[in-house]
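Per Swiss-Prot, the feature GTP binding site maps to GLY42, PRO43, VAL44, GLY45, THR46, GLY47, LYS48, THR49; the stated evidence is sequence analysis.
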Amino acid sequence: MTLLKMYRHLDHFDSPGHFHHRELIHEKRNFKKRAFTVGIGGPVGTGKTAWLMQICKALRDKMNIAVVTNDIFTSEDAEFLIRNEALSKDRIIGVETGGCPHAAIREDVSQNMYALEELMKRFPDVELLFVESGGDNLAAHFSKELVDYSVYVIDVSGGDKIPRKGGPGITQADLLVINKIDLAHLVNADLSVMERDSKKMRGDGPFLFARAKDCFGIDEIINHILTAREKALEAKPVYSLRKE
């Protein structure tokens with residue numbers, strides 16, 4: 001069976017969905033074949049790549065990690081990570097989707113699966129993989145065939161209406177990150193409104209306010225990711241967030 005046939009499906013969403021109805025990790029998931037994989041998605045310009053860089057820098061000396069980025073016709077995000085020395089060049093693969101970023105993380109994930117398999121060949125002992133989606137709309141959401149845990153990044157520059165506009169990314173991501181909170185006063189965005197609406201849209205699904213430029217919120221983000229990994233692997237933690 002080809003990867004195209006294995007990882008191709010079409011979904012139509014009748015509603016934004018609910019946090020407790022989100023896809024869960026597949027029962028037959030083999031973490032020895034592919035390490036625990038985290039998806040980072042969100043609209044264009046919300047700070048996905050900036051956060052991925054900060055996360056990589058925080059974890060790279062403590063864990064064996066690697067990254068796949070998605071762009072439509074360039075490898076801009078991969079080049080950004082390499083230029084800023086988030087990881088060594090061989091640990092970063094840029095995928096050019098050639099079309100809708102949404103499709104590459106859900107409807108047909110084969111390009112990203114190829115890239116992840118290549119990273120596993122290069123680094124058989126890798127512990128944590130990341131897939132950053134290309135910037136897309138609020139309907140974009142990762143397939144659980146591709147990732148085990150999803151982080152959806154929005155920012156305040158789109159206005160405080162964004163959380164209540166919904167979309168599967170906002171309602172069903174494992175973690176919602178509201179970035180660039182320092183810009184709220186410039187665009188008249190009310191953080192209390194965003195907090196209220198995030199709770200309404202996500203129920204008790206976790207969300208947090210963050211600021212990538214100075215790493216505000218990074219400990220919480222990493223804790224959510226590593227806790228999910230530990231739970232999925234049913235293993236005791238073998239690392240800490242901070243160097244001793």
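Glycine too: its Cβ is placed from the backbone N, Cα and C atoms.
Classification of VAL44 (GTP binding site) by DSSP places it in coil, neither helical nor stranded. In the structure shown, across all protein chains, GLY42 is the one of the binding-site residues GLY42, GLY45, GLY47 with the greatest number of other Cβ atoms within 10 Å. Residues within less than 8 Å, Cβ to Cβ, of THR46 (GTP binding site) and separated from it by at least 6 positions along the same chain comprise GLY135, VAL153, ILE154, ASP155, ASN179, LYS180. Least packed by the Cβ count within 10 Å, out of the binding-site residues VAL44, THR49, is VAL44. Within 8 Å of the centroid of the Cβ atoms of GLY42, PRO43, VAL44, GLY45, THR46, GLY47, LYS48, THR49, where the record puts GTP, the same chain has further Cβ atoms from GLY135, VAL153, ASP155, ASN179. Look at the binding-site residues PRO43, LYS48 and count other Cβ atoms within 10 Å of each Cβ; PRO43 has the fewest.
Taken residue by residue with DSSP, THR49 (GTP binding site) is part of a helix.
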